[in-house]
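Down below is the structure, laid out as structure tokens.
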Amino acid sequence: MGLTAQPVLDTAPTTNKRLLDWVAEVAELTQPESIYWVDGSEAENTRLTDELVAAGTLTRLNPELFPNSFAGFSDPKDVARVEEQTFICSEKEHDAGFTNNWMEPAEMRTKLSGLFKGSMRGRTMYVIPFVMGHLDAKSPKFGVEITDSAYVVASMRIMARIGTEVLRKIEEPDAFFVPAIHSLGAPLEPGQADVPWPCNDEKWIVHFPESREIWSYGSGYGGNALLGKKCYALRIASVMAHDEGWLAEHMLILKLTSPEQKTYYMAAAFPSACGKTNLALLDPTIKGWKVETLGDDITWMNFDDEGALRAVNPEAGLFGVAPGTGWDTNPNAMRAIAKGNSIFTNVALTDDGGVWWEGMTTETPSHLTDWRGNSWTPDSAEPAAHPNSRFCTPIDQIDMLAPEYNEPDGVPLSAILFGGRRKTTIPLVTQSRDWTNGIFMGSTLSSETTAAAAGAVGVVRRDPMAMLPFIGYDAGDYLKHWVELSKQGDQEKLPKIFLVNWFRRTADGGFAWPGFGDNSRVVTWAIERIEGKADAVETPIGFVPTKESLDLDGLDISDEQLSAALNVDALEWAAEAESIDEWYRRFGGSLPEELLGELEGLKERLG
């Protein structure tokens, strides 16, 4: 038999009535064997990871290679975000919009109550107090995740600020927190043996925007189970941001220091697997410039009293796609990972107790144990690591972490980049004509689908601001919020907006631009545009660099490649304008008039 409400109230390390009532209610519903309040300590983490190793969920890695690090291997049916089972249950269907799945809230609550009834039987119910952003921010954003997964506790300890200190702050009168409940949906009957990766074939990731609640059932995988990440910091936070006058975005934050020692901050949005982490941890090939990072995935932005748009990273860790992250492509990420204290999921194991994935090293090991537990050699048909395998690493292990990461109020932005993955049409970099034109660029961002989301690979899909799977309300209202919000700021201080595409191909199918560290040449061109120093050609789509204005010193690139990278083809853009027209029609009446005006302007300029 599970617990009654009373023991929760007797032993809980909090007096917050709303929190106590909610924990008691969830315990009564889910019937766990015991309740544990997470304190976030080192001793607790050691005990939990020891238990996970004993259960077969985690494998302890060779401490000489990866100190205090572990690898986990999921059920093959639980490897990515499940967008088709992700719901925004707003009170009115219109408020969810066409980009989200919707169900009537009362109907969904009935369904969830049925699924969660007894779902934690035989398991420990962990209560994780956490904060997104800084504890000493003006308005800290608290959450409490209830979960029956110790793997989630260990991962949340890396990804957010958790435990006793947070709980102490939640004690303060009027402290608001987002309640987030997660269950693997794998109750254990007395005497029933557990499996290494419990989950359920039926999965539901549900958000109630008005009451700021998150319910997640059936999946133990990162984005579905670490509820502070996409569920809170983007889906629920985007609704809070709309209501409170700020922005919650799927963006990295960079700090750039020029040879003249002038500092600039830049945010950038990219859909999954378009090089976001590589740009966040950029190793510049351009002389005299220094690059530091403040974050690789999520950015919260608001206007300060002086009218500047400031950005903060609400996360405490990196949850990066492993394949393609390597010593030659992203040495900064690899150095952070090599320090240990990490949890890897669905990577391959080396024979000496380390981890490996495609793209990690130039040489492939002669033998591995693949993510499914099978013996693997370079002749094997399948990749050794799952394409969406992950590393979960503390952000403070990054050598190039900017000290401003610790500023509760964030940093003032000079520029915002939007980038997709397109073989044709979109040039290497385009500066928008103005702020609204920049929102137009962001609203039409497009990319070819990747392994990070379950579904078809290689289809071009529109991904406004790289937020398509993460907007917690109507997408047209979200774009309207971008248009309206700028009026709060000092128009002179608004960040300049640029559209980038590292993935343009030449006629023979090769990449037109080398990418990786050489993307610093594009980023510095953008900064020099802000300073009025770099030349550009005005095209129907915006301002594109002249060949001479890019610093190509030491770069091995042919004239043909550069021409292909910067080309604005009128025929391709005529087709693109039609495609955008089709995309915009999907918004119905909620698309801002300003963006329809931008599309008409583009068509006119294309003639």
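Each residue, glycine too, has its Cβ placed from N, Cα and C.
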Listed in Swiss-Prot for the substrate site shared with TYR221, GLY222, GLY223, SER272, ASN388, SER389, ARG390, one of ARG60, ARG81, ARG529: ARG81
Same-site residue for Mn(2+) (record: Swiss-Prot; known: LYS230, ASP297; options: HIS207, HIS250): HIS250
Farthest-apart CA atoms of ARG81, TYR221, GLY222, GLY223, SER272, ASN388, SER389, ARG390, residues recorded for substrate, distance in Å: 16
Sparsest Cβ surroundings (other CB atoms within 10 Å) among the binding-site residues ASP297, ASP518: ASP518
For THR277 (GTP binding site), the number of other Cβ atoms found within 10 Å of its own Cβ: 23
Binding-site residues near THR277 (GTP binding site), in sequence order, restricted to TYR221, GLY222, LYS230, ASN388, SER389, ARG390 and a 10 Å Cα cut-off: none
In three-state DSSP terms, the structure that ARG390 (substrate binding site) belongs to: strand
Where ASP297 (Mn(2+) binding site) sits in the secondary structure, as DSSP reduces it to three classes: coil
Residue among binding-site residues TYR221, PHE516 with least C-beta crowding, 10 angstrom cut-off: PHE516
LYS230 (Mn(2+) binding site) and PHE516 (GTP binding site), distance between Cα atoms, whole Å: 26
